[in-house]
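Database features, via TrEMBL:
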| type | residues | note |
| --- | --- | --- |
| DOMAIN | 60-136 | domain 'TECR-like N-terminal' |
| DOMAIN | 212-363 | domain '3-oxo-5-alpha-steroid 4-dehydrogenase C-terminal' |
| TRANSMEM | 151-169 | transmembrane segment |
| TRANSMEM | 217-235 | transmembrane segment |
| TRANSMEM | 319-337 | transmembrane segment |
């Protein structure tokens, strides 16, 4: 009897123990659920994950037609928006290897201007399909080659005449006559002028990386080399007569020639300065150098000094060929200066007040 009562008591204790354990577990679950609920509410509403946007690159298809026959030459595809005309020429060259990029001329419309190499395709595209007209520009040469050829020829040609080679002048007459000092001075100044040209082409001027037809090189060389031969023949001739006013005329002209040469050089250096080039260009302003003060009067002082040099050389040598060459060069430079002056007026109107193009107060 006692043993049975004891077993019932132990069973009762076990039941109470398990009830307490289950209650504590339920309380802990309720607390955990409450804590999780508070955490979710404090975090706020759930935000949707942003969708990843895939950039779509637009490609153009360029149809290239012959400008003369209007027949299709090829189609350049997969051209991006940022591609330039130069890139199109490169792809066109891969398709048609017989035409190198330098001799490829592309037009947006027949008879229109040729597109520059730096123009982007996006700027000329009206749709995804673009039609360009091709023109063969012929054999091309770089601008640096053109300038070096034009200036090296006169330098060497003049020296050949100065040496009085036998097949140019009569040997007996050349040995008899005594040269006037102005002949030696003219040779020196002529060499200084073209050596300056060559050095500035190589180290000062920012020559365009583009190309020009071979015929322009031939025309330029024919002009410079031909006039140099004519000028040198007369100045170095054994029967050459010195200037009418003698040493005074030679001295004044020589000083003015050197001043104009120095001014031309300093102006070219100033124009080549990085602060005056590019999209944020500003009109050059004179500085402490007196040769740059010409900018206060004209917009193209380099042409002003150039004409001054040749006028001084004409007066110093007093020869007709030099005078004709100076006249032609003055006309050509005046046209260039007026064209540049109009561009300067549009871009830098505030700096162009009362300025002339090339000759102060006149032109």
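Just so you know, glycine gets a Cβ as well, placed from its N, Cα and C.
Computed from a predicted structure; not experimentally measured.
Beyond its flanks by at least six residues, the transmembrane segment (151-169) meets 183, 187, 190-191, 194-195, 197-198, 201, 221, 224-225, 228-229, 231-233, 235-238 of its own chain at Cβ-Cβ distances under 8 Å. Each residue of the domain 'TECR-like N-terminal' (60-136) gets a DSSP state, and the totals for helix, strand and coil are 18 helix, 31 strand, 28 coil.
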